[in-house]
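Have a look at the structure below, then the notes.
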Amino acid sequence: MTEETYQKARLYGLDKSTFGIFKDIFSIIEATLLIVFYGLLYFWNISSVSLNKLGYTTYNEVLQSIMFVFIMNVFNTIISLPFSVYYTFVLEERHGFNKQTVGFFIKDKLKAFVVMQVGGDYFFIYLWVFAMVTTIFLMTIYPNVIAPLFDKYTPLSQGMLRARIEDLAQSISFPLTKLYVVEGSKRSTHSNAYFYGFFNNKRIVLFDTLLKDYVPEGKKKEDITEEEKTPSGEKKGCDDNEVLAVLGHELGHWKLNHVLKNIIIMQVNLFLTFLVFGLLFKYDALYKVVGFQKEKPVIIGMLVVLQFILSPYNAVLSFMLTILSRRFEFQADQFAMSLGKTHFLRRALVKLNQDNLGFPVYDWLYSSWHHSHPPLLERLQALDDTKKK
C-alpha cells in the first residue's frame, strides 16, 4: 500500500466513523423522544384516524396494525433520508465510490419502499414456524425476484474465466447452475462476490467491479473513469487467478456449512424472541410505559420488546455473532489455502483492500467488537500462521 493510498484509506475510515457516531447519537435521541413523548401512541392514533377517513370506522386491530406499520415505514424513510443522501452523495462521492445519479438514487429508494410494504416486517409475528418458513422463502426469492429490480444481472460470457470457475466448482462438488455478473458499477465502485441458492441449485454472482478485465455492456475500456482506476492508472479489480482465490474463499463458506449454521442460529434467535414476547406481551406495564393506558395492541408490544427490552440481549448477541463471523472468515481463508490459492488470495486481499480504501490498522479490541470481517493485516497474519503449521 502506497503512502497516498494509506492516507486516502485513513481519511475514508475517519469519515465513516464520524458519520456512524452522529447517526448512532441521532438514533438514541429518536428512540428517547419516542418514549418520553409517547411517539408510538401518536402514530397509533394517526393510523386510527387514517382508517376512519378511508371508511373503516369499526375498530380492527389487524387493519390498524397494518396502517401503523405503513405510517412508521414512511416516517422512518423520511427520517433516514438525509443520512442516506449525505452518505451517498457527500461521503462516498468525496472518496470516489459513488456512481449514482440523483434520479437513480430516488428510483432505488422508491423501489426499496415498495418492497418493504409488500413484504413488511410485522406480518409474521404470530407463529414462529410461519416466520421461519417466510424467512427461508424471502431468502429464496430475493436473488431471483427482488435483487434484479435494483441491478442488472448478466450471465458471465464463455471464456477462460468461466471455464476455470466451473472447474473449481466441480473440484469441490459445488452444484453450480448459473454464473452471473452484476453491474454494481452503476451505483458504486466497491466490489464483491457471493453465492446463493438451496440444495443443488447454487449460483455465483460476481460484481463487475471485481473483474479487472471486464467491461460492462455498452462501454469501452476508454470509458473507464478515474474513480475506477488505481493510482498507477490501471482499472481496479482482480485478475483471473485472484478472482478464483476470492471464490475459493466464498465457496469455503459453503463447504464448511457456514450458511447453514447462520440460518440455524437465526431461527433459534427468532424462537427466543417470540418466546420472550409470548411471556411479556400481556403485562400492562409494557404498554403504559409508551402511553397506552387501556389498549394493548400486539404490534406495540412487539416493538417495545424488540426495540427496548431485548436491547441488552441484542448487543451481546451481536458481539457473539461478530466473533463467529470472524471465525468463519478465517476458516474460509484456510479453505482457499487448501485449494492452493494462498499466493493469489494474499494478492486479492491486498488489492481489494486498496480498491475499497479499507484502512489496515485497527486496535484489536475495537476490531473484535465492530468488524465481522477481520481487517487486512489480521487476515494476512492468519494466513502466515497457518502456512507455518
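Glycine residues also receive a Cβ, built from the backbone N, Cα and C atoms like all the rest.
Database features (TrEMBL):
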{"type": "DOMAIN", "residues": "1-152", "note": "domain 'CAAX prenyl protease 1 N-terminal'"}
{"type": "TRANSMEM", "residues": "25-44", "note": "transmembrane segment"}
{"type": "TRANSMEM", "residues": "65-89", "note": "transmembrane segment"}
{"type": "TRANSMEM", "residues": "123-142", "note": "transmembrane segment"}
{"type": "BINDING", "residues": "H249, H253, E329", "note": "Zn(2+) binding site"}
{"type": "ACT_SITE", "residues": "E250", "note": "active site"}
{"type": "TRANSMEM", "residues": "263-283", "note": "transmembrane segment"}
{"type": "TRANSMEM", "residues": "298-324", "note": "transmembrane segment"}
{"type": "ACT_SITE", "residues": "D333", "note": "active site, proton donor"}
TODO: Only counting partners 6 or more residues apart, tell me which same-chain residues put their Cβ under 8 Å from the Cβ of the residue listed as 'active site, proton donor'.
DONE: H249, G252, L345, R379, A382, L383, T386
Task: Surrounding CB atoms that lie within 10 Å of the CB of the residue listed as 'active site', all protein chains - done: 20
Open item on the list: Can you give me the same-chain residues 6 or more apart in sequence from H253 (Zn(2+) binding site) with a CB-CB distance under 8 Å?
Closed with: F195, V259, F328, A332
Open item on the list: Centre the Cβ atoms of H249, H253, E329, go out 8 Å, and tell me which other residues of that chain have a Cβ in range of the Zn(2+) site.
Closed with: E250, G252, H258, F328, Q331, A332, D333, F335, A336
Task: Least surrounded among the binding-site residues, given as H249, E329, when other CB atoms within 10 Å are counted - done: E329
Open item on the list: Taking only the residues in the domain 'CAAX prenyl protease 1 N-terminal' (1-152), give me the average pLDDT of this model.
Closed with: 74
